[in-house]
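Visitor: Annotations per TrEMBL:
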| type | residues | note |
| --- | --- | --- |
| DOMAIN | 1-68 | domain '2Fe-2S ferredoxin-type' |
| BINDING | CYS20, CYS25, CYS28, CYS50 | [2Fe-2S] cluster 1 binding site |
| BINDING | CYS90, CYS93 | [2Fe-2S] cluster 2 binding site |
| DOMAIN | 177-356 | domain 'FAD-binding PCMH-type' |
| BINDING | VAL205, VAL206, VAL207, GLY208, ASN209, THR210, GLU211, VAL212, PHE281, LYS306 | FAD binding site |
| BINDING | GLN649, PHE680, ARG794, ALA961 | Mo-molybdopterin binding site |
| BINDING | GLU684, ARG762, PHE796, THR892 | substrate binding site |
| ACT_SITE | GLU1136 | active site, proton acceptor |
Amino acid sequence: MTLLTYLRRKLGLTGTKLGCAEGGCGACTVMLSRYQTHTQQLLHYAVNACLAPLCSLHLVAVTTVEGIGSVARKLHPVQERIARSHGSQCGFCTPGIVMSMYALLRNNATPKMADVEEAFHGNALTPSCLIFELENSESPSLFNAADFAPFDPTQEIIFPPELMSLTKGQGSASLRFHGDRATWLQPASLDEFLRLKWKHPDARVVVGNTEVGQSVAHKRTNAHIHTHTQTHTHTHVCFTIFVGTPCTLSHMGAVLRQEVETRPPHQTQVFLAVLEQLRWFAGLQIRNVAVSLPLLTSTQFVSAFKQSPRREDDISTVTAAMSVTFAPGTAVVEDLRLSYGGMAAVTALAGKTAARLLGRRWGEELLQDACSSLAEEMTLDPSAPGGMVTYRRTLTLSLFYKFYLTVLHKLREQGLNVEAVPSDCLSAAEVYHPETPSGVQIYQVNTVVLDDVVGRPMMHLSALKQATGEAVYCDDVPLYENELYLALVTSSKAHAHILSIDSSVAEAMPGVACCVFAEDIPGSNAVGPITYDETVLADGQVTCVGHIIGAVVADTQLAAQRAAKAVRIQYEELPHIITIQEAIAAQSFYQPIRTIESGDLEAGFKQADHILEGEMHIGGQEHFYLETNVTLAVPKGEDGEMELFVSTQSASKTQLLVAKVLGVPANRVVVRVKRMGGGFGGKETRTTVLSTVVAVAANKLKRPVRCMLDRDEDMLVTGGRHPFYGKYKVGFLNSGKVVALDVSYYSNAGNSMDLSLSIVERALFHMENSYSVANVRGRGFVCRTNLPSNTAFRGFGGPQGMMVTESWMTDVAQSLGRPAEEVRRLNLYVEGESTPYNQILDQLTLDRCWDQCLQRSGYQQRRAAADLYNRQNRWTKRGLAIVPTKFGISFTAAFLNQAGALVHIYTDGSVLLTHGGTEMGQGLHTKMVQVASRVLGIPCSKIHISETSTNTVPNTSPTAASASSDLNGAAVVNACQTLLQRLAPYKTLNPKGSWEDWVKAAYFDRVNLSANGFYNFDTNSGRAFNYFTYGVACSEVEIDCLTGAHKNLSTTIVMDVGHSLNPAIDIGQVEGAFMQGLGLFTLEELHYSPRGVLLTRGPGSYKIPAFGDIPTQLTVSLLRDAPNDKAIFASKAVGEPPLFLAASVFYAIKDAISAARVESGVSGPFRLDSPASAERIRTACCDRFTKLVQDEPGTNQGYTLSKFLLGVFHTFCRVFF
């Protein structure tokens, strides 16, 4: 049992959350405290509770988020600051962030910013948890730091005296814990450990082995014997530091830093190399749980390198450790060792290359021979696990070149007669040191009415509860007495007939209540959000890997999951289609094919001075909401009634589909949504994939049934953002003015329609982004493939449509040799122009956003500085891009543009507000309370929102399309105005009375103090959208041309959100959306095998942005004096529109790549697919190293992302022993 399971299920401490079960998100962070007898000091450290075996915590104190403060008792200063500084949105990851910071402060009461950044390395940065770092004089502060309670480290929780006494008394004692399926052995000495290992050769040795937690969570192996031992952590012997096995990486880092400070620099190169790798190895939560390191002479040089998808990561693409020893007083190589991880199943030494270079002088000739030899020696099979074959081979050369430059520079510093490192190459050998990040937020203050909360930066209503772990999410609902747990049985084939299902073994396993298959469905098995082209449970055929075939229900989660693995299914495989290219070849499309056309395309191309064609692929994206899909179904015992607690954006759709599946009217089903731990569109339709199955099981057994998907299950089953492929032909004048565009979009829909047609329609609605093109045709093809159905995701096709737009706009600028910002500005829409779908643009603020962004970013100065930097540096380049967005607001399906609200006033004057929207961290409930407060004229403290439920506001639209504040806000106003009209006579009779006086008077006069509200957009206007939200972003990046890594130096965003209802929430939405877009366009990649198996199923292999990916300088400015007369209180929607502005980072990267290509004599347009991963950046920076590594047939077709033995310590071992 893990510590997390014990906390949540045995103790009921649900503040610690389950996010991934593999130590990659930090949501489960707790603090452990241990008394160290050899130092007589307390050690506090943060760990991932999801990976910590409970047996490993003997004599350890565990502190959870509940233990350091609560709303009712007293907030800890960390909890208060993250809440009142607007650092919590969905709140699911907030307790983990709080505990990471708390553990840091317990060890260091006055940390530096670098310490804070390091503490957060193990916490995932979801797009709903961005913390403000305020440096702003133009607007009032979003919070008042003077109001915070001071931090007093003397008032912290003490270590339990009983544990201290036990620790001193027991010393190092042997322990043995027995369970039903595993035994934990903790020896007291090395001799005992060796005896136990001899007796149990298959036992896992657990000393910081975080892989054990992942093995238990994902592989669910049946038997483990854990052996734990404790020895001294480190000793000094002669010229070597020996690090004992139980020594944590964090402790080793502290020791090495101390050695670096006290020893001569030449002796500590190995220590510095190890420390540099430790900075980027996982987070403190991992380092706090798990080699001898030699001192060097002045003739020895050592460097270590690591290239991974993300710097703050523990899994590398390629690592390298390199050591060279020279004959004393010379630059002649006496010994050379080159060790690489990621080039084989084990760490590989480039022995042949090293041997060839012995006796050679360190210089350009050696470099050339070394690279040629490495290109021959360090080869990979085209189908090698992990793929990226050409990239990995190129890295072996690039990393050696970095080593070569580093050593050459140090030899020169020692006074040896060697070649000087060219000044433009020095930056290639520099060690990356992040700058302290800073942020600026600029907004317009509501100064009209002092007591009016609308327009003010009010804290998220749940922020304090989220920071203390008291906010209740779906899986936090206490267990029912007779509750059961459900586990899914899913298909392992992409397309196949089901020949047989054998569940006999599963049904006989302990704790199993029953299995559920298609024949157990009492109603209809046909479901879907629009078209009923899906099944609740597969019936005879599966159409994707992850297709739900059945479920096992048992008394515990572990029992259900074990039994589900025991269900045996036989298949007859059928031909499958996985990629867009395969679908195009097979003409596998859903109908209809959508087209938008405007102007005379043929005449436009005739008018053009130039015509170019291009194409681009945009990868998919996992939603990665921290709270995975979860449903609790409770049968009510009569009339087929059922109550469901669901983490969903669409309560009404869930209600309707569950009723359909159960064969009962919708009025027998109640769906309740308290809050979600993130949604991003992924919980709009795909939640019913789980909720319908759970409802069927609960109906069959007449008992409550719960299921919360593990991260790998959620990623496998639910689908994500649609991958897109765009082909374009564009005609333009010599000036850069675009006069004709013909573009085709192909989206990978997966195995059902879901919302794919609407998504490709929105892509077409945004095919010109913010640019006026007189003659245009866009076509949208929805590809039918054998992947889990892709679905809504923040932006809903708009980002993919606009991404292709910016690709051809960049091509136009590059083909003409003109600055991209000039070409973009030339083509921007102006007031009164018409879109391709004949909507006239009014209240256009694009030009204002553009000009302000140029000014606030200092674009011209940055451009001049970047150009100078690029002339002075060969192997690092900087790039800039400024990109606009125009995002249409409203559901494209007109009938969804409606909302309802229900407001109750109680006789004590308190108000209960309910509306049709759901809270997923976007602050919708907070804004609705602000709206009601303004209309009713009462403080927000008198208004409460409990939850969203189908028995209060019926027939609600999904909380989606960025329109929820507009729609639900107007419905709230409607209901509140009705109540005000009813109270008006009593206010007139008693003008000096209080709110409570008027309410009581109305009640005694038998006036209805409850009112429904309703609102719908005008659907007769002939407009596709109610209005548009505009924004512009300017970003600057720096790329490492040798590795493909990049740094996000700065981003400036100017966003038109009208008159903001809540600037703090809206700025948080802008920043969060931007960071999610940053992941989409530069980092996140979904990998499937050729047989349709998703290989990236967790944070270990799928990388979302981390705290270190936030631009070093991030400025967000809300456009002033831009009222919007088409939405509630002149505001504008903000949830989705800012996401695309992260494309400015992508095109800044492309700009930097262009500068690198010019150095190699290559210019003009080039293709760069999204995301701009390190592999794609490095490959596009063609140079002498890439030319040595030629593509081979089949290269880059490797799909598997197996975890290699890539740790830098493996490579060090190969170097020194």
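Cβ atoms here come from the backbone N, Cα and C positions, even for glycine.
Provide an account of the burial state, proximal residues and distances for the features listed.
Guide: Across all of the domain '2Fe-2S ferredoxin-type' (1-68), the predicted model scores a mean pLDDT of 92.
Other Cβ atoms within 10 Å of the Cβ of CYS20 ([2Fe-2S] cluster 1 binding site), summed over all protein chains shown, number 28.
Within 10 Å of the C-beta of VAL205 (FAD binding site) there are 16 other C-beta atoms, taking all protein chains into account.
Proximity of GLN649 (Mo-molybdopterin binding site) to non-local residues of its own chain (separation of 6 or more, Cβ distance below 8 Å) is seen for MET676, GLY679, GLY681, LYS683, GLU684, THR687, THR918, MET920, PRO958, THR959, ALA960, given in sequence order.
Annotation for THR892 (substrate binding site): same-chain Cβ neighbours under 8 Å, separated by at least 6 residues, are SER758, GLU761, ARG762, PHE765, ALA1024.
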Visitor: Based on Cα distances to CYS93 ([2Fe-2S] cluster 2 binding site), point out the closest of the binding-site residues CYS20, VAL205, PHE680.
Guide: CYS20
Visitor: Using Cβ-Cβ distances, find the residues under 8 Å from CYS28 ([2Fe-2S] cluster 1 binding site) that belong to the same chain and are at least 6 apart in sequence, listing them in sequence order.
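Guide: Residues satisfying the criterion: LEU4, THR16, LYS17, LEU18, GLY19, ASN48, ALA49, CYS50, GLY96.
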Visitor: What does the structure give for the C-alpha distance between ALA961 (Mo-molybdopterin binding site) and GLU1136 (active site, proton acceptor)? Integer Å is fine.
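Guide: That separation, Cα to Cα, works out to 7 Å.
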Visitor: Tally every other Cβ atom lying within 10 Å of the Cβ atom of CYS93 ([2Fe-2S] cluster 2 binding site).
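Guide: Counting Cβ neighbours of CYS93 ([2Fe-2S] cluster 2 binding site) within 10 Å gives 29.
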Visitor: If I take the alpha carbons of CYS20 ([2Fe-2S] cluster 1 binding site) and VAL205 (FAD binding site), what is the distance between them in whole Å?
Guide: 23
Visitor: What's the CA to CA span in angstrom from ARG794 (Mo-molybdopterin binding site) over to GLU1136 (active site, proton acceptor)?
Guide: 5
Visitor: Would you mind listing, in sequence order, the residues at least six apart from PHE796 (substrate binding site) in the same chain with a Cβ closer than 8 Å to its Cβ?
Guide: GLY681, LEU755, SER758, ILE759, ARG762, ALA960, ALA961, GLU1136
Visitor: Round to the nearest Å and give the CA-to-CA distance linking CYS90 ([2Fe-2S] cluster 2 binding site) with PHE680 (Mo-molybdopterin binding site).
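Guide: On Cα coordinates alone, these residues lie 11 Å apart.
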Visitor: Including all protein chains displayed, how many Cβ atoms other than that of GLU684 (substrate binding site) lie within 10 Å of its Cβ?
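Guide: Excluding its own Cβ, the number within 10 Å is 25.
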Visitor: Compute all pairwise C-alpha distances among GLN649, PHE680, ARG794, ALA961, the residues listed as binding Mo-molybdopterin, and give the largest one in whole angstrom.
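Guide: 12 Å is the greatest Cα spacing among the residues binding Mo-molybdopterin.
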Visitor: Given the recorded Mo-molybdopterin site (GLN649, PHE680, ARG794, ALA961), which additional residues of the same chain have their Cβ within 8 Å of the Cβ centre, ordered by sequence?
Guide: GLY679, GLY681, GLY682, GLU684, ALA792, PHE793, PHE796, MET920, THR959, ALA960, SER962, GLY1135, GLU1136
